[in-house]
Amino acid sequence: MATPYVTDETGGKYIASTQRPDGTWRKQRRVKEGYVPQEEVPVYENKYVKFFKSKPELPPGLSPEATAPVTPSRPEGGEPGLSKTAKRNLKRKEKRRQQQEKGEAEALSRTLEKVSLGETAQPPSAPQGSRAAPAAASDQPDSAATTEKAKKIKNLKKKLRQVEELQQRIQAGEISQPSKEQLEKLARRRALEEELEDLELGL
């Protein structure tokens with residue numbers, strides 16, 4: 001930003017007085033003849049920088065019209081200015097993408113068909129081979145249920161072990177005043193044992 005100078009009747013230059021934010025005034029300052037403020041001093045450029053700035057962009061004798069860029073007509077299947085290999089690669093990518101989308105659509109339609117076939121009820125006159133297939137499928141949920149029961153039994157045994165350890169620690173005197181949660185754990189022991197018995201009988 002250029003410094004605002006004020007010239008008086010004698011021809012002397014001054015920097016005008018300005019007001020500070022607190023309301024007081026800065027006095028005007030006299031500027032010596034030939035003084036250039038720091039922000040107005042041009043940036044120093046050595047001879048090499050000056051040479052490269054003055055150097056013409058085009059070789060001597062070449063007219064700017066000859067170098068005007070010719071707008072290439074866009075080829076049918078690709079971006080302007082691409083080499084043959086780049087165009088070929090672009091076509092391959094496009095083809096691969098289309099095949100992938102097509103494959104995803106087919107997979108989706110197949111899964112939908114399976115779901116719709118699974119939901120429709122089988123007619124009573126279905127052959128024996130088709131009846132055997134659902135029976136095999138029903139075995140899978142049973143195995144899943146047994147693994148679920150086994151997990152529950154394992155979990156209950158672990159809880160019972162923790163209750164027994166807690167009771168032993170209380171009897172040994174390690175815990176003089178058991179907390180509310182510890183007392184609740186001890187009170188649940190009988191219920192845990194009953195649940196474990198029921199599950200083991202169910203297996």
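Note that Cβ sites are derived from N, Cα and C of the backbone, with glycine treated the same way.
For the compositional bias 'Basic residues' (85-96), the DSSP-based tally of helix, strand and coil residues reads 12 helix, 0 strand, 0 coil. Marked as compositional bias 'Basic residues' by TrEMBL: 85-96.
Summarising the annotation, TrEMBL assigns compositional bias 'Basic and acidic residues' to 97-113.
Annotated compositional bias 'Low complexity' per TrEMBL: 121-145, in sequence order.
Residues or ranges marked as domain 'WIBG Mago-binding' by TrEMBL: 11-37.
The annotation region 'Disordered' is assigned in TrEMBL to 1-31 (among others).
For 54-150 (among others), the entry in TrEMBL reads region 'Disordered'.
Within the same chain, no residue sitting at least 6 positions outside the compositional bias 'Basic and acidic residues' (97-113) brings its C-beta atom closer than 8 Å to a C-beta of that stretch.
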